[in-house]
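**Q** What TrEMBL shows for this protein is this:
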ACT_SITE  117  active site, pros-phosphohistidine intermediate
BINDING   11, 59, 87, 93, 104, 114  ATP binding site
DOMAIN    3-140  domain 'Nucleoside diphosphate kinase-like'
Ligand code: IDP
Ligand code: MG
């Protein structure tokens, strides 16, 4: 069975607004498998590394401040096509452009308070999982009895 991994994070506003369970539920109900999770209050330096590709953007200082302002919930999810499907579940970067039914489209308004993060490609997922989980980047290995009801093969 395909076991792609992605890095999904509930941002500080998502944690403060009590949306952690809701975000986890949406991935669980879809059939994806949670293989790692931790709460972290990340340092400014850690966030700068996570968003290094955006350094130089006008919103970057505010983004680093926002993301290091409180704890986040860092997760590793596994499943078929989970990187792309995870992004679809989250919705567009700007919640005003996110469809209702997506996480951002249902719970957020401003792009600078868009409550969740998801890796945008398999390669960036690998990098982000290594940054946030280090040696445990591959997640916890376990079998799920329901997988025969989620996947045909
Ligand atoms: P993504 O989170 O959908 O992958 P990116 O373009 O990688 O979007 O941007 C990372 C994060 O930076 C966004 O989720 C959002 O929190 C923030 N961001 C992006 N564009 C803006 C902006 O124009 N103003 C404020 N914050 C922004
Ligand atoms: Mg991104």
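Including glycine, each Cβ sits where the backbone N, Cα and C put it.
A quick note: this is a predicted structure, and the numbers were derived from the prediction, not measured.
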**Q** If one measures from the C-alpha of residue 117 (active site, pros-phosphohistidine intermediate) to the C-alpha of residue 87 (ATP binding site), what distance in angstrom results, rounded to a whole number?
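**A** Cα-Cα, rounded: 8 Å.
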**Q** How big is the ATP site in terms of the longest C-alpha to C-alpha distance among 11, 59, 87, 93, 104, 114, in angstrom?
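**A** Of all Cα pairs among the recorded ATP binders, the widest measures 21 Å.
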**Q** Would you list the DSSP helix, strand and coil counts for the residues of the domain 'Nucleoside diphosphate kinase-like' (3-140)?
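**A** The breakdown for the domain 'Nucleoside diphosphate kinase-like' (3-140) reads 69 helix, 28 strand, 41 coil.
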**Q** Please go through the binding-site residues 11, 59, 87, 93, 104, 114 one by one and keep those whose C-beta falls under 6 A from any atom of ligand 1; give the result in sequence order.
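**A** With ligand 1 as the reference and 6 Å as the Cβ limit, the list reads 59, 93, 114.
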**Q** So of 93, 114, which of the binding-site residues has the fewest other Cβ atoms within 10 Å around its own Cβ?
**A** 93
**Q** By the count of other Cβ atoms within 10 Å, pick out the sparsest of the recorded positions 11, 87, 104, 117.
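**A** Candidates: the recorded positions 11, 87, 104, 117. Fewest Cβ atoms within 10 Å: 87.
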